[in-house]
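Novice: First the structure, then my questions, so here it is.
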Amino acid sequence: MPLSAVAADRLIDLGWSAFFSDQVAADEADLVPVRITSVHRARLSGMTAAGPVELTLPPHTVTGDYAVGDWVLADPEMWLLRRLLDRKTVLARRVGDGSIQLSGSNIDTLFIVTSCNADFNIARLERYLAFANQAGTQPVVVLTKADTAEDANTFRDAALKLQRDLTVLITDPRQHDAAEVLRPWCGSGQTVSLVGSSGVGKSTLVNTLSGPGLAPQLTGGIREQDAKGRHTTTARSLHPIANGGWVMDTPGIRTLHISEMAEGLDEVFSEISGLTCKFRDCTHEHEPGCAVRAAIADGSLDPERLARWRKLQEENAAASQSRENGSGRPGRRGR
Ligand SMILES: Nc1nc2c(ncn2[C@@H]2O[C@H](COP(=O)(O)OP(=O)(O)OP(=O)(O)O)[C@@H](O)[C@H]2O)c(=O)[nH]1
Ligand SMILES: [Zn+2]
């Protein structure tokens with residue numbers, strides 16, 4: 001069943017690309033690509049080129065194995081879920097009990113939102129950057145509440161130093177032009193998500209991006225009752241952006257533990273990870289020919305930045321080591 005030109009365009013709007021179509025085997029031609037738009041305890045909702053569908057799940061399906069943003073193939077007769085396609089990017093992290101939490105997949109850009117006030121925290125931003133890099137998504141720092149700061153540019157200058165070629169934007173999420181400022185990352189077929197502390201303006205930004213007339217439910221996560229009757233935020237969802245693209249609302253991340261994020265960290269701290277010392281296993285403590293200590297000595301590397309890098313390296317090594325015999329890695333780099 002060849003796709004009509006309209007349906008093909010619609011699929012591209014949804015984020016479908018050669019990366020996914022190349023995975024469809026010849027004998028799967030009658031299956032339909034579905035993008036997962038929300039993941040519930042016992043239910044998966046999705047979007048096809050023709051509109052929204054509720055998937056029928058095969059027995060023993062664990063919905064937690066699926067992420068909002070996933071592409072799956074389904075049998076159109078009953079919308080029976082057949083197979084998950086490989087992810088281009090995946091935001092994954094270890095949570096308290098050691099399990100992997102999937103925060104979303106096939107996200108092109110992660111807006112790391114922080115305010116020009118006491119919320120602005122360099123060490124936390126470096127964690128978020130490692131998280132985005134490890135996922136394979138492009139991080140963009142979005143600074144809000146510039147109107148309440150004496151000089152927002154000092155915040156922007158500090159953020160620009162956190163990663164080579166990092167994009168840092170200043171915008172007021174309450175204003176319509178916030179959508180214009182973020183437009184380059186929100187075109188047709190592009191998927192964005194937001195992270196940041198409570199109160200920095202994420203929901204306001206999602207509402208501004210979604211344009212007028214979209215469900216106010218976007219502010220505040222979707223809450224469900226778990227088995228013990230507690231209310232927990234179990235669902236994330238994908239929403240259309242007014243002029244193209246998709247935005248994923250992700251629940252707040254209270255503490256972002258660094259685990260299995262070596263590549264992501266190297267990218268944040270590329271000015272350190274790119275240095276070559278005389279000894280390959282240099283600890284940068286006392287060895288001769290240490291390029292890291294030389295960079296500190298000549299002033300090209302900030303000792304505080306080095307200290308933060310060390311702390312994250314140690315946290316990552318300790319967490320990754322204790323996981324060595326555990327289940328698969330949470331993050332898989334897509335680029
Ligand atoms: N003055 C000012 N207020 C802002 C700005 N951005 C957001 N706010 C306000 O800050 C408050 C919090 O914004 P939210 O969008 O609810 O923040 P959030 O990040 O979604 O918070 P959680 O839902 O708790 O995760 C709201 O009252 C916004 O109107 C800004 O640039 N300047
Ligand atoms: Zn060294």
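Placement of Cβ uses the backbone N, Cα and C atoms for every residue, glycine included.
Note: TrEMBL annotation is automatic and uncurated.
Pulled these from TrEMBL:
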type: DOMAIN; residues: 93-256; note: domain 'CP-type G'
type: DOMAIN; residues: 105-254; note: domain 'EngC GTPase'
type: BINDING; residues: Thr144, Lys145, Ala146, Asp147, Gly196, Ser197, Ser198, Gly199, Val200, Gly201, Lys202, Ser203, Thr204; note: GTP binding site
type: BINDING; residues: Cys277, Cys282, His284, Cys290; note: Zn(2+) binding site
type: REGION; residues: 312-335; note: region 'Disordered'
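Help me picture where these features are in the structure shown.
Specialist: On the 0 to 100 pLDDT scale, the model's mean across the domain 'EngC GTPase' (105-254) is 84.
In the three-state DSSP reading, Thr144 (GTP binding site) counts as strand. Residue environment of Thr144 (GTP binding site) contains 28 other Cβ atoms, counted within 10 Å of its Cβ in all protein chains.
Residues near His284 (Zn(2+) binding site) in space but far in sequence (CB under 8 A, at least 6 apart, same chain), listed by position: Cys277, Cys290, Val292, Arg293, Leu306.
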Novice: Those binding-site residues, Ser198, Val200, Lys202, Thr204, His284: which ones have a Cβ sitting under 6 Å from ligand 1?
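Specialist: Ser198, Val200, Lys202, Thr204, in sequence order.
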Novice: State the three-class DSSP label for Cys282 (Zn(2+) binding site), counting H, G and I as helix, E and B as strand, and everything else as coil.
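Specialist: Coil, per DSSP.
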Novice: What Cα-Cα separation, expressed in whole Å, is found between Thr144 (GTP binding site) and Cys282 (Zn(2+) binding site)?
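Specialist: So the Cα of Cys282 (Zn(2+) binding site) lies 40 Å away from that of Thr144 (GTP binding site).
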Novice: For the binding-site residues Thr144, Ala146, Gly196, Thr204, Cys290, which residues place their CB under 6 A from an atom of ligand 2?
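Specialist: Checking each Cβ against ligand 2, the ones under 6 Å are Cys290.
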Novice: In the structure shown, with every protein chain counted, which of the binding-site residues Ala146, Val200, Cys277, Cys282, Cys290 has the densest set of Cβ atoms within 10 angstroms of its Cβ?
Specialist: Val200
Novice: Which of Ser198, Thr204 has the fewest nearby Cβ atoms, counting only those within 10 Å, among these binding-site residues?
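Specialist: Each of the binding-site residues Ser198, Thr204 was scored; lowest Cβ tally within 10 Å is Ser198.
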